[in-house]
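Just below is one structure, and these are the notes that go with it.
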Amino acid sequence: MEAADYEVLSVREQLFHERVRECIISILLFATLYILCHIFLTRFKKPAEFTTVDDEDATVNKIALELCTFTLAVALGAVLLLPFSIISNEVLLSLPRNYYIQWLNGSLIHGLWNLVFLFSNLSLIFLMPFAYFFTESEGFAGSRKGVLGRVYETVVMLMLLTLLVLGMVWVASAIVDNNKASRESLYDFWEYYLPYLYSCISFLGVLLLLVCTPLGLARMFSVTGKLLVKPRLLEDLEEQLYCSAFEEAALTRRICNPTSCWLPLDMELLHRQVLALQTQRVLLEKRRKASAWQRNLGYPLAMLCLLVLTGLSVLIVAIHILELLIDEAAMPRGMQGASLGQVSFSKLGSFGAIIQVVLIFYLMVSSVVGFYSSPLFGGLRPRWHDTAMTQIIGNCVCLLVLSSALPVFSRTLGLTRFDLLGDFGRFNWLGNFYIVFLYNASFAGLTTLCLVKTFTAAVRAELIRAFGLDRLPLPVSGFPRTSRKTQHQ
C-alpha cells in the first residue's frame, strides 16, 4: 500500500475512535442522569400502585415509570445543555492544548444537542402518550387479558392520535403559510414534519416560560423565606410554637373524646392533621435552635442574592431590547457547526460566562416554582410518596416542555450569546423580529410588575406584623379592620 492509503486509513481510524469516544461519553452522561431521575421519581410514586394484588397493573406501572424516568432524564439533560456548552467553551479557551480535555470538542457538544433534540421529540410525541394510554388501557373487549392486550390497545390509540396531530399540523401549516412547497415538505416525516411539530411545541413552551418565570421570580422571595430562619424582627417563633401546640392539643382532645361532638368526625383526617402539626412543630423547634449567624446573616444575604439576580436578569433583557433595535446580530439564530474554544461568548470573559450559567439555572428554578404556584397547574404538584402514575406522567411532560424550551428562551432574552446548535436553531419564529421584540418587552414588563407588587406587599405586611400593627384597630392596608363587636368579645 502507498503512503497516501496509510494516511487515509489512519484518518478514518482516528475518526472512528473519536466517534466511539463521543458515544461512550454520551452514554455515561445519560446513564448518570437516568439513575438520578429514577431515585427522584421513586420518592414520589405511590407504593400501593406497584405492590397491588393484580400483577398486571403493577407491571404496567413499572413500565410507565421507566418511560417517565427516561423523559425526566432528557428534561434534565436539556436544562444542562446550554450551561455545559458555555462552560466547555471557556475551558477550551483557558486550556486549548491540554491533553486531558481533548475529549471535549465541538463535535461532542453538537452531538449532545442533536441527541437532546431527538430524545425530546421521541418522549413528547411517542413515549409519554404511550405511557398514559398504557396505564389507562384495559385491552380490547373479547381479547385475552394481559400486558400484551394492553399494548395492542395502546398502539391503536397512539396511531389514531398521530393521525389527529398530523391533521392539526396540516391545518396549522395551511393557516400560517399557505404555500404548496411548505405543505409538500410535510411529506418528509423525519426531516420536516417532526422539527415543525417540535417547533410548535417549543413555541408553546417558550410562552409558558414567559408566564411562569415572572411569577416564579416573585414567588422565590416567599419560598426562600419559608426555608430560612428569619430575624426576630420579622418572625416570632415562640408564638408560632404556642399556636401549633394549642391546635395539636385541641385535635388530640377531639380524637380521644369523639362523643363530645354531635357532628360526625373524620378520624383519618384528624390523624393526618395531628401528624402535620407535629411535623410543623419539629421544624419550628429546629428553626428556634438556629444560631444567630443563620438568623441574622443567612436570611438577609439570601434575599440580597435573589434581588441582585432578579435585577440583573431584567437589566440584561432591557439592554437586549435596545440591541434588537440597533443591531440585527442580536437576533437569535442557529449555528450548524460548533466552533468552540475560539472566542468567549461573554464580554466579561470567564466571569461573565459564570454569571450567564447562574442566571440560566436561576430562571429555570424560578419557572418551575412559578409553574407549580400558578392556579392552573397547582394541582399537578407532586406529593411525597403519594403521587399517582398519571400525575407523574403529566409532571414529566410539563417539565420536558419547559426544559426543552430553556435554550431558546435564554437565547431569545439575550442571557447568552451562545448560538443555538442543531435543530434548535431551525425554528421559523426565531427570525421574526416582532415576535422576539415583543417577547423581550413582555418579559421585562411582567417581571417588573410582579416584583414591584409582590415585594412591596410582602415588605409592608412583614413590617406591619413585626411592629404589631395588625393587632391594633387601625385602618391598615392589607389587614381587615376589627369590628367593635369582635373587640368586646
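Placement of Cβ uses the backbone N, Cα and C atoms for every residue, glycine included.
Marked as transmembrane segment by TrEMBL: 24-42 (among others). Beyond the transmembrane segment (24-42), the same-chain residues lying 6 or more positions past its ends with a Cβ under 8 Å from any Cβ of the stretch are 65, 68-70, 72-73, 76-77, 103, 108, 111-112, 115, 392.
According to TrEMBL, the transmembrane segment annotation covers 63-87 (among others).
Annotation comment: TrEMBL describes 107-134 (among others) as transmembrane segment.
Annotated transmembrane segment per TrEMBL: 155-176 (among others), in sequence order.
Per TrEMBL, the feature transmembrane segment maps to 196-218 (among others).
If you look at the transmembrane segment (297-322), the same-chain residues 6 or more away from its ends with a CB under 8 A from one of its CBs are 217, 220-221, 224-225, 228-231, 234, 330, 355, 358-359, 362-363, 413-415, 437, 440-441, 443-444, 447-448, 451. Sequence annotations record features per position, and here TrEMBL assigns transmembrane segment to 297-322 (among others).
Annotated transmembrane segment per TrEMBL: 353-372 (among others), in sequence order. A Cβ distance under 8 Å defines the sequence-distant neighbours of the transmembrane segment (353-372), meaning residues of its chain 6+ beyond its ends; these are 79, 82-83, 86-87, 89-90, 208-209, 211-220, 223, 309, 312-313, 316, 344-346, 378, 380-381, 398-399, 402-403, 406, 409-410, 415-416.
Residues of the same chain lying 6 or more positions beyond the ends of the transmembrane segment (392-409) and with a Cβ under 8 Å from any Cβ of it are 41, 44-45, 64-65, 68, 71-72, 74-76, 78-79, 81-82, 116, 120, 123-124, 128, 131-132, 135, 201-202, 204-206, 208-209, 212, 332, 360, 363-364, 367-368, 371, 377, 380, 382, 420, 424, 427, 430. Annotated transmembrane segment per TrEMBL: 392-409 (among others), in sequence order.
According to TrEMBL, the transmembrane segment annotation covers 429-452 (among others). Residues 199, 203, 206, 210-211, 213-215, 217-218, 310, 313-314, 317-318, 320-321, 324-325, 331-334, 408, 412-414, 420 of the same chain lie 6+ residues outside the transmembrane segment (429-452) yet bring a C-beta within less than 8 angstroms of a C-beta in it.
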